[in-house]
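Student: If you scroll down you'll find the structure; I have some questions about it.
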Amino acid sequence: MAPAWSFLLALLLLSCNAICSLGCHLPHTHSLPNRRVLTLLRQLRRVSPSSCLQDRNDFAFPQEALGGSQLQKAQAISVLHEVTQHTFQLFSTEGSAAAWDESLLDKLRAALDQQLTDLQACLRQEEGLRGAPLLKEDASLAVRKYFHRLTLYLREKRHNPCAWEVVRAEVMRAFSSSTNLQERFRRKD
């Protein structure tokens, strides 16, 4: 009887360890892939930003969604997921395929897809712990509206190279802000 209990206890401890290792220590696990996305976005640049100054636009990036002092780690994961998901969708359009080097674009989408998978696992875990959706509707809506403005801008500019350059720079700004958010949580941990 004792060996059976020992075996069950060992199995329980191993499964707890496996589950906890899937635990979302996002600031530690997400930062490196996020930097990879930033690197790929930099490499996508085809047009000099200085030649596109007349095309710049204020898209009203929802900084409060990523930088609010009241933002909890679980909500931050949701915001990061939302930003990553919309970025993936933006760079998966037909217009993006025409604007960028296909090989780099494939690498970017693969990196974003991996981030989405990791973030989704974190979201499921956090929602399981809390039993409720993590992202406040206003933060989610702010991120969606921001990416909608980017999409409308591209359509208005007929997906020209400068418009894509402006959008690429905007997305880099969003990912830089999310990296800063992760650093803030890393310092807290």
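In case you wondered, yes, glycine gets a Cβ from its N, Cα and C as well.
Here the structure is a predicted model, which means the values were calculated and not measured.
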Student: So, in Swiss-Prot, which cysteine from Cys24, Cys52 is disulfide-paired with Cys162?
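Tutor: Disulfide mapping in Swiss-Prot sends Cys162 to Cys52.
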Student: Sorry to bug you, but what's the C-alpha spacing from Cys162 (disulfide bond) to Cys122 (disulfide bond), rounded to the closest Å?
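Tutor: Rounded to a whole number, the Cα-Cα distance is 36 Å.
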Student: If you count, for each of the disulfide-bonded residues Cys52, Cys122, the other Cβ atoms lying within 10 Å of its Cβ, which residue has the minimum?
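Tutor: Ranked by other Cβ atoms within 10 Å, the disulfide-bonded residues Cys52, Cys122 bottom out at Cys52.
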Student: Ten-angstrom check, please: count other Cβ atoms within 10 Å of the Cβ of Cys162 (disulfide bond), all chains counted.
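Tutor: Cys162 (disulfide bond): 17 neighbouring Cβ atoms within 10 Å.
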